[in-house]
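Per Swiss-Prot, Mg(2+) binding site is recorded for 7, 60.
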């Protein structure tokens, strides 16, 4: 295991932030994520915010798993250099999408995939990803949660 991340989202607070006038929260999701959550919301007869909150937890959990992996990879006493800050993290380029069986997956843009490989000292191979990303997302009542594990 390279890194493990977990995040919990308060769904009502997230929904309030998502619906505030002038908010940019929706810009942190790809069009595919927004489309999928709208479809899932219709199918489940519930609020779209529930499904977006779970995906937001997934993005946060991925970031935490990646940071944990970078910290573990650093040499003893070495300064840890993270590729992004919270201000320039490319949230929209980390997608949490369901596959054809409804199983959530983390989909990284090629730029983010390259940064992950570089930051962890993994081979740069655009065709064959040298690591796996496992994700589990859930929501129950007012809470959405996600766990992400990076592994070789």
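Here, residue 1 is simply the first one shown, and the rest follow in order.
Cβ coordinates are placed from backbone N, Cα and C, and glycine is handled just like the others.
In the three-state DSSP classification, residue 7 (Mg(2+) binding site) falls within a strand.
For residue 60 (Mg(2+) binding site), the same-chain residues that are 6 or more apart in sequence and have a Cβ closer than 8 Å to its Cβ are 5, 7, 9, 146.
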